[in-house]
């Protein structure tokens, strides 16, 4: 295990090496299939959602409770001692006395890293602003593994807003060790950032950049769709003109390989047409369920309930 | 089992036939008496209270936890993906991945029915606007059974606002198969609606309409009281003049049969004087407790924990 | 057992006699050391925080869940039947039907006492306005016992705002039976109130009043620090001039006895410098953890899970 799991934290995908990723993906699978049944009875996870997110908190809450564990839930900062002038560090050092592991979502970049340095418990980053959301990338990895039986040498299209979407950045980093071939499909000004591309190039990862999705669909094993927000376009007419390239319909995927699967971190707005939901290619709700298994793996490994 | 339980949903009293009602009432009794001990360990109910109700959510929460199960609790919509533009259908199809059964309260009529058509899990309607609140009617039924040993051929007075009170509508429907004799006691403009009366008549159920409660008290086995809201009266003086007829005091019930019991869905404001609470006729707090047993029955039957 | 534990409530320190205190402190210790493992499976505590307090509610929540029990959590009054005009008494008499013990924090003095008179379940006061916060005093007592092996004949300095701090009032009362020697250290207008001093004198308890802390540090076994709020000073310059006497630094405690421990009810603002946290004298975060053990003792004794 590398810095991440060895230190009993999951803060950034950068802390996790390939052996960590393999361990997490395998454990999630073993839990889903019932080969491992972690017993978290008497263990408590504090779910500190300084920034609210029902979906993510439900997923962690469910993961803990499926294993017989319990949670303490904090939403927002309204009723906390923060109002009385307490430092963030004191808040964390008090809460660690009530639980076994801390899961934290915070609007400020680096908040989870700070927490991991202040407390003596494992800390899981459930999203820190625009920075990292590593458990999303991990459940994406597990979803890809489940659908293709391997993570190796897959052709993966990332579609939509690749500039501001932290999800696709983390996922690109997560997949890098597995010899992927990436297709980055976005409007010109929502391209994958240079620093991510440089990192991939340094690691020997191939990628192709495109402005529309149709031509590449027959190549793909995975199509990972994120939302292109209308507000990102300086000229709304650009959006109206372009959106056809970034809204996935049954027509878009008519030439897809049989095993191609569409993933989406959810919530979606209109970037995948509802008609696609009934297609065998649609996988985004299963993906949400996979999040529970991955978070069970994370919580049980970090607390030592699974060795 | 009829459409309701067979389909693993409780959305409307209309879906439940007499065999469903009997099964639910008997199971609630068996749970209260300890003859059935459903084991819900590892099972999770999502309590989605889009419209808040501490009383009802506590009752379901307690029911699940008394059986070793767990809950995920959502209050309001403030922090959900709804704000990000997600469809109600997507919200539900994501949440179903985190739990085993969905309990939903929503301000919009038909919301629970919609949910039951969208998800693959059992759905329990915990109140959809002015429409249905079937678990309240079921706990009322169980309360009546407990107090009289039977549901058959009872004389039941429904008192107060019979026009807008969804509770009394559902209860009248629920009792109809058991040959009741109803007394509908309300001010003229808060009468039981024609469609409910027509339905009862079609089913051969007898009812009498009255404008004041006193004369009928000696006849009653059950007096079911609901609040008459001052705001319903165009002329507040009408309310002041009439309220004596709809506020239950010790004097009102002085000629009641020994076994007569007073029920109320709670919260009450002033429609039952506090002096009545110590009377052996008062049953409304026991009724609240019966709600936990009935909801244990509902949750355990729908999830298959009790066959 | 005296009035408090015999009546299955913890409302005020005044209700608890020395045998109650000894039982609670011993039980907390036995639970922490694993000699007693209370089994609260299937039992439910309603945590009614009419006035929010994340710290205190987390502590009770954790205590209940560490023992396999469950909680129902209410924060504020926004979504309750109170809005619909329900009496406080009815709210409590309904909620008692859903649980086995009620923990209540309320802004109004006497609210917990009222609750204990209205319901048939054990009630724990988790703070009623400026009045009492007995479980804080009990965890303080347990912390002192743990750090010194005894509660007898200790020299205890109470530092800061002794006039408005309910915590120090309750603690002085709690320690009185154990032959303490008190040092009350505060600015003149934030002195320990006369009625507390009269009570101590009547009980034969010695105390000394001082205006600054330095001279007495070498005497102390326990230094209990509370916040001096700037707003209490009519003239802010008084605060700036005086605050050095009430901010604990490493320099303040340089001549302390080896075994001296600093306690603080938390949250702190700046009355203990962060440099003190790494000192062996600092004990305030351990103290917060002790709160979980003490609340486990309280909840399990009052519900009868521990005899």
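Just so you know, glycine gets a Cβ as well, placed from its N, Cα and C.
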Identity of the carbamoyl phosphate-site residue among A:105, A:113, A:163, A:241 (reference: A:55, A:56, A:133, A:136, A:266, A:267, source: TrEMBL): A:105
Residues from the binding-site residues A:56, A:84, A:105, A:136, A:227, A:267 that lie close to chain B, Cβ under 8 Å, in sequence order: A:267
Sequence-distant neighbours of residue A:266 (carbamoyl phosphate binding site) in its chain (C-beta under 8 A, six or more apart): A:55, A:284, A:287, A:288
Residue A:227 (L-aspartate binding site) as reference: those binding-site residues from A:105, A:133, A:136, A:267 with C-alpha within 10 Å of it: A:267
Distance from residue A:105 (carbamoyl phosphate binding site) back to residue A:84 (L-aspartate binding site), taken between C-alpha atoms, in Å: 21
Euclidean distance between Cα atoms of residue A:166 (L-aspartate binding site) and residue A:136 (carbamoyl phosphate binding site), Å: 10
Number of Cβ atoms other than its own within 10 Å, given for residue A:227 (L-aspartate binding site): 22
Integer Å distance between the CA atoms belonging to residue A:166 (L-aspartate binding site) and residue A:133 (carbamoyl phosphate binding site): 7
Residue A:136 (carbamoyl phosphate binding site) CB neighbourhood, other CB atoms within 10 A: 24
Model confidence over the domain 'Aspartate/ornithine carbamoyltransferase carbamoyl-P binding' (A:8-145), averaged pLDDT: 93
